[in-house]
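Asker: Sharing a structure here in structure tokens format.
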Amino acid sequence: MTLGTYAYVIENENHTALELCQQFYKKGQINPANDTFNINPLVQTECIGVSPSTLTHPTEVRMYRNFTLKFYKLINVSIRFKLKAINIQTIINHEIPDCYTFKIQILFDNKAHSGRIKVSLDNDVVIKECMDHSVLGYGPNDYKLLIFDIFVLGFCALSFILCARSIIRGVMLQKEFVKFYWLRYGRELPWAVRMEFLNGWYILLIISDILTFLGTIMKIGIEAKNFASYDVCSILLGTSTLLVWVGVIRYLSFFQKYNILIVTLRAAFPNVIRFCCCAAVIYLGYCFCGWIVLGPYHNKFRSLSTVSECLFSLINGDDMFVTFAEMRQKSTLVWLFSQLYLYTFISLFIYMVLSLFIALITGSYEAIKHHGISGL
């Protein structure tokens, strides 16, 4: 039950608020007793309109009675309707309330014909400015936010220009040094040395500035009720915020006692990447094996993505007992295989792969530590 003020949108072909549709096979005759069936795979769609305010109309009542669901050839049933609502909680901040239009679709999926119907809800929302509004004290906050957004856009543009200029100068210096190295030593400059002319922190800042710029423009559009791409806007601004905070580490690297994380990651990165490539091959093998063999018997192995999530949680020691306990013992052979599969995976990745992964990083840290001590 939902409390609030809502209104149905009347815009269907039948000028009704709700549309009820079913998809079914054109012809279907199934006789399990004789193991016979006759199905025409041509899919047909049948829809009727339902309006809550005219349910007592004799013509519509007869139409509802003619709408029959035949489950032996039913594919799915969908319910589509639109609702309008006004969100007045923004009045507290002296802002104009938002007017929402919800596009709702409820789908009852019987495609598998397994006796269990999947139910899904899809909800899209459109936000626009209300037509006739009157809110006392509205206005000041909007201008403050707009001025702040414009300041952020200008700051991002300035940062982008300065970082791009530094990268361009680095590329020009790299070209000059390549020519000098060829004339002096008569051979090509290694790529590892060439990359030293490109500052990775500047590239990180450029990406962050671009994401912040785009996200701020989308934020202004959302506040102006032009569109409602909240997901894209949040991803852009959230990712840019993450990159900005990662960039703060650059300033800590100027101090010898605070740059141990950056130096260790930089030293261990090549070996870690090579190690992860080898471990990923074994990991993918376990993923495909579990999906193929254990998929029909375990909920966590029904799809390749859930298999990967389950195995990754097992590496971190999470949900071990539940994974073992939920394994069905209907097939003794499959149950024995599952025990061997899980025990070997856990033993291999926790006791060997994960330990070696930690050892690589620890080895780089110890090497840097001893190098620093000897330097003193």
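Glycine is treated like the rest: Cβ placed from N, Cα and C.
Sharing the feature lines straight out of TrEMBL:
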DOMAIN    2-130  domain 'Mucolipin extracytosolic'
DOMAIN    232-367  domain 'Polycystin cation channel PKD1/PKD2'
TRANSMEM  145-168  transmembrane segment
TRANSMEM  201-222  transmembrane segment
TRANSMEM  228-252  transmembrane segment
TRANSMEM  272-294  transmembrane segment
TRANSMEM  340-361  transmembrane segment
Asker: Please identify the stretch among 145-168, 201-222, 228-252, 272-294 with the greatest number of Cβ pairs below 8 Å relative to the transmembrane segment (340-361).
Answerer: 272-294
Asker: Other than its close neighbours in sequence, what residues sit by the transmembrane segment (272-294), given a CB gap under 8 Å and a spacing of at least six beyond its ends?
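Answerer: That would be 301, 303-304, 307-308, 310-311, 327, 334, 337-338, 341, 345, 348-349, 353, 356-357, 360-361.
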Asker: By a Cβ-Cβ criterion of under 8 Å, what residues six or more beyond either terminus of the transmembrane segment (145-168) are in contact with it?
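Answerer: Tertiary neighbours of the transmembrane segment (145-168) are 198-199, 202-203, 205-206, 209-210, 212-213, 216-217, 219-220, 223.
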Asker: At a C-beta cut-off of under 8 Å, are there same-chain residues at least 6 beyond the transmembrane segment (228-252) that contact it? List them, or none.
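Answerer: Distant Cβ neighbours of the transmembrane segment (228-252) are 125-127, 201, 204-205, 207-209, 211-212, 214-216, 218-219, 221-222, 258-259, 261-262.
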